[in-house]
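Data first, discussion second: the structure below is written as C-alpha cells.
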Amino acid sequence: MSVKLTEEMLKAFPDARGHFGDFGGRFVSETLMDSLMTLEKEYLRLKDDPDFQAAFDKDLADYVGRPSPLYLAERLTRETGGAQIWLKREDLNHTGAHKVNNTIGQALLASFLGKKRIIAETGAGQHGVATATVCARLGLECHIFMGSSDVKRQSLNVFRMKLLGATVHAVESGTKTLKDAMNDAMRDWVANVDDTFYIIGTVAGPHPYPLLVRDFQSVIGRETRQQCLDKTGKLPDALVACVGGGSNAIGMFYPFLADENVELYGVEAGGLGIETGQHAAPLCAGRPGVLHGNRTYLMEDENGQIAGTHSVSAGLDYPGVGPEHSWLKDIGRANYVSVTDDEALAAFRTLTRVEGIMPALETAHAVAYGLKLAAQMDKDQNIVINISGRGDKDIHTVAELDGIEI
Amino acid sequence: MSRIEGVLKSLKEQGRKALIPYITAGDPHPDQTVELMHTLVAAGADIIELGVPFSDPMADGPVIQLACERALKHNTSLRQVIGMVAEFRKVDADTPVVLMGYLNPMEAMGYREFADAAAEAGIDGVLTVDLPPEEADQVAPLFAERHLDPIFLLAPTTTDDRIRAIAEHSSGYVYYVSIKGVTGSASIDVDDVARKVAHIHELTALPVGVGFGIRDAKTAAAVGKVSDGVIVGSVLVNTIAENQTDPAALNQALTDLLHPMREALDNQVN
C-alpha cells in the first residue's frame, strides 16, 4: 500500500471544488451550475443538522430495515477452503439492493429543498425501483430514464417502477444503455431545473453528487466495521465489492480508508475478457477523461469519444466510474480488478446453490473475485463480500443464457 | 485585436448585428464541411461556430445528437476538424471560427497540443459546453498565450456574481443561452431575453450573442434587436439532415434559410 490515509487527511477529499486529487469536479453546462451550487450549500448545512440526520437514520431503520446482517457463510467458507467469508446482506434491504440507502437520503434532501418532481437514470433498474419507491412513499412525481436496451433485459424492474407510479422513459440514443440514460436525465434536468431534483444513483456525476452519495452509502461500511468488531473482535483483512459507478463499493470502503491493514478490492465487469475490448472496466483498462460532470477513468477511443461497453450485468455496463475510486486507484489505497461474464455467472450459481442466496449479476462479480481471493488467504483471516443486491431481477437473463424460456 | 473582436467592433460601428450559424463538423460528411462553411459566409455569416462531434452531447437536443452520430459514423476527430478550419482559412482569412464542443476530445488530444494546433489552423475562439470557468484553470493560460478567445455560456439561471466572474474569464463575446433546456427544444421568449441581455450589458462590456431557440428570420430579427448577435444552430442542422444525400440541394437550402435571417437582421436595425 503506497499511501497511509488518516482520518484528518480524508477530510480534505473532496476539496471545496469537489476534487479528489486530479479527479471529480463540476464539468456541466452553465444552466446547471446554480442548482449544483445550491445543492452543495444545502447539503453541507443539512449534513450536520440533527433533524435531517435523525430523519435519515429513522428511515434506514424502519423503512429499509437496517442494519443489514453480516452473515458468516460457513458452507461457502468450507468449500472454498481459505479465509472466513462474511457476506454483508444489502440484498435484504427494502427493494432488494443497497441503492435505497441513497434514494432515501436524496429524497429527503429534495423535500428539504421543496422540489416536487424527481428524475433518475437507471441501468439494471435497481436505482430506478429504489427511486420510484421513495417517490411513491413521499407522493413525488417520478420520471425514470433507462436505455431501451436495458428496458428489454430488465423488464421485471420496468414493470415494478410502473406499478410504483413512475413514468419510465426508454432512451433510444447512443448505445441505449446507462450512459445514454444519464445523458437524457441531464437533458431533462436542464429543461426543468426550477422544480426538479435529480437523484443520481451512483458516486459519479458533478460535485456534490459523489460526496453526498458516498455519505449516504457509507452506512454499509460503518455497520460492517462495527459488526466485524462485535463478531470477530477485529477488523476484516479484506473487503470486496463490485464497481460499476461504484456506490456500493465506496459505501463499504469509505469507513475503512484510514485502516491501512484492511485491503480493499473493487471488482469491475470484465465482460468477454479485458483483452477483447468487450468489457466495462475503466479502472482496469481505461484512462482519465471527462464525462457526465466529472473527471475520472473512462473507456474511450483515441479521439476521446466514449466507447461502447459490454457486461452481462446492466448495472455495471457503464464507461465511467466514480471519481473517488479513480483517486483511490492512483494513490494505491484500493485495488481494482475484473472478472468476466462467465466467472460472474458461475459465482451466481455457486452462491445460490451453496448458501441459498441468489445475488444480482452485478454482485456476482464481487462474489467471483471474493472466492478467488478467499482461497488464497489463511483460515484465520476474514474477508467481507458486499452482497449489494438480490438476483431475482436477473433470472430471465440467466434462463436465457441456459436456453430456457420462462 | 482578435479577429472576433474586430468583426464585432466593425459590425457595431455599422449598427449591425452578428449572424453566427452553427454546424457540426463532419455532418453529413467530413468532405463537405469546408464547402458548407463557405456557403454560410456567402449567405451572410459573420462568425462560424463549428461543432466538434462528441458521442455524448449532454447539453444538446436530438437534432445535434444525431448530427454528432452522423459525423462520428465517418470517425470525424478533433484533429480532422482543426484540419478543416486550416483548409477553410486558405480561402477565407477574415471570418472568425469558433470551435464548440465538449471537453473530453480536447482532453484526449492534450490541451497544449490542441491549443497549438488550433492557433496554427486559424481558429479564433473555443466554446467548451461542459467547462465552466471554475474548471478552466489548465486551459485558460494556454488559450491566452495563443490569442484563442475563450467563449463561455451564460444561462437564465446564472447569478449576477457569476455573470461578472464568467465575463472576467471570457474574451470575444459571451453566449447567452436563451432558454432553460437543450439545443433546439423550447420556443424563445423575446421579452424575457431582452430584459436579461440588457442586464448582462450592465455587468460586462463584452458583446452578447444569443442562442438556443432561433428558428427563422422573424426570431432572428427580434433577438438581434436586443443583443449583439444571434446564434442559429438546430434549424440549420435539421436542414443538413433533410438534405444529407444531395450536396447541391443542401448548399442551396442552407442559403435559403440563412440569407433571409441576414436581411431581417440588417433591416431590423435600419
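Glycine is treated like the rest: Cβ placed from N, Cα and C.
As written in TrEMBL, here are the features:
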- B:E49: active site, proton acceptor (ACT_SITE)
- B:D60: active site, proton acceptor (ACT_SITE)
Distance, B:D60 (active site, proton acceptor) to B:E49 (active site, proton acceptor) (CA atoms, angstrom): 15
Neighbour tally for B:E49 (active site, proton acceptor), based on other Cβ positions within 10 Å of its Cβ: 26
Cβ neighbour count within 10 Å of B:D60 (active site, proton acceptor): 27
